[in-house]
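Participant: One structure coming up, written as structure tokens, with questions to follow.
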Amino acid sequence: MTVNLLDLDAARLTAFLADNGEKPFRARQVLRWLHRFGQRDFDAMTDIAKSLREKLKALAVVVPPGLLADRVSDDGTRKFLFDVGGGNVIESVFIPELDRGTLCISTQAGCALDCSFCSTGKQGFNRNLTVAEIVGQLWQARQALGACQEQKGQSERVISNVVLMGMGEPLANLDNTVTALRLMLDDHAYGLSRRRVTVSTSGLVPAMDRLRDECAVALAVSLHAPNDRLRDELVPINRKYPLRELLAACLRYLEKAPRDFVTFEYVMLDGVNDTDALARELLALTRDVPCKFNLIPFNPFPGSRYRRSPATRIRRFVELLSDAGVVTTTRKTRGEDIAAACGQLAGQVLDRTQRTGRRSFVLHLDRQEVCT
Ligand code: SAH
Ligand code: SF4
């Protein structure tokens, strides 16, 4: 059986090559060709012995997810759609800014956690993405952005940051996510610092502990409510891992985190979680956790039952948190001419849960807004 080399981090590639009589340094060479230079043609890997190239041709393939569409918004935000087979389409978004370029990637086709304000969740769940499909989004985006020609030592990278905030719950696909993260951090592959790679989770407590122990990158936690009653309604996984346990897991994570704070994401839902009283409750709840807040104006999608909080309400919420000394930012909405917003990433998923009662979705190529 052929191996997809994009599924292998350094340790697995070393083991695969050792099984085939090759020395460990070959793994570093192959990793550089595959990931740093984006090369998938074994014949072009010129510093690799011809005998190894022949072996690789016989035993291995390099297969990223197929790029179906690449749309650029007026402000430079760019959305990639990938075919991951079986009728499933996933999405990544590239957000260029003055001082950084961030790629937002997906970890599952759909999501089983069913948050009430999230389009991905409302689609249901098909399957976990493989390592090659997760890291392959980065591989493909770098090709499309012309980033594979970067010179060693060049300080500004086209993709300087990666956030696992696309479709799916990364910590529900922990093994593949960790292997993909290791590749992102590997100096011979993408060489990103742990501070520049962020995992966003809705709060799978045991998996947060495992991530901390196996590959502690920057952490964002989707909080969205200051008490269990409201959070149970918005983020159903809260019924299993309530706020007290979630915040304790955040403190444990911080012992090994590359940054000395957790980012709490908070979607702003008009009249639901955006009152002054709830902002104060939020401050009391998170008092003992070093944190920053990132408020996300709700992005509507067809059939959603919420409205975005008005700008004045969002400003007031920022003011209450900031005045209490908590650094609070609001996510900008960008690229409204293409469809790629937080929580709107829908691609196409053949739901395997019974939740949606549907077997397929049409591609939403014309929905609005990109949220960064
Ligand atoms: N499953 C992970 C990561 C993917 S979602 C998580 O939930 O954290 C990335 C972020 O988008 C999360 O903070 C999520 O709550 C938020 N989000 C989901 N739906 C949204 C919507 N309709 N509008 C704005 N943000 C949304
Ligand atoms: Fe899944 Fe995150 Fe959407 Fe919740 S917000 S349904 S965890 S992708």
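Cβ coordinates are placed from backbone N, Cα and C, and glycine is handled just like the others.
Those TrEMBL annotations? Automatic predictions, nothing curated.
TrEMBL lists these features:
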- GLU91: active site, proton acceptor (ACT_SITE)
- 97-337: domain 'Radical SAM core' (DOMAIN)
- CYS111, CYS115, CYS118: [4Fe-4S] cluster binding site (BINDING)
- GLY168, GLU169, SER200, SER222, LEU223, HIS224, ASN299: S-adenosyl-L-methionine binding site (BINDING)
- CYS342: active site, S-methylcysteine intermediate (ACT_SITE)
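Help me picture these features in the structure, burial and contacts included.
Facilitator: In the three-state DSSP scheme, GLU91 (active site, proton acceptor) is classed as strand.
Averaged over the domain 'Radical SAM core' (97-337), the predicted model reaches a pLDDT of 94.
In the three-state DSSP scheme, GLU169 (S-adenosyl-L-methionine binding site) is classed as coil.
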Participant: Tell me, by DSSP, whether CYS111 ([4Fe-4S] cluster binding site) is helix, strand or coil?
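Facilitator: The residue in question, CYS111 ([4Fe-4S] cluster binding site), is coil (DSSP, three-state).
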Participant: Using Cα coordinates, what distance in whole Å links CYS115 ([4Fe-4S] cluster binding site) and HIS224 (S-adenosyl-L-methionine binding site)?
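Facilitator: Their Cα atoms are separated by 10 Å.
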Participant: Go through CYS115, CYS118, our binding-site residues, and report the one whose Cβ sees the most other Cβ atoms within 10 Å.
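Facilitator: Ranked by Cβ atoms within 10 Å, first place goes to CYS118.
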Participant: Select the most exposed residue of SER200, SER222, ASN299, where exposure means the fewest other Cβ atoms within 10 Å, treating these as the binding-site residues.
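Facilitator: Per-residue Cβ counts within 10 Å for the binding-site residues SER200, SER222, ASN299 bottom out at SER200.
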Participant: Specify the secondary structure state of HIS224 (S-adenosyl-L-methionine binding site) as given by DSSP, simplified to three classes.
Facilitator: coil
Participant: Count, for each of the recorded positions GLU91, GLU169, the other C-beta atoms lying within 10 angstroms of its own C-beta, and report the residue with the smallest count.
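Facilitator: The recorded positions GLU91, GLU169 were compared, and GLU91 has the fewest Cβ atoms within 10 Å.
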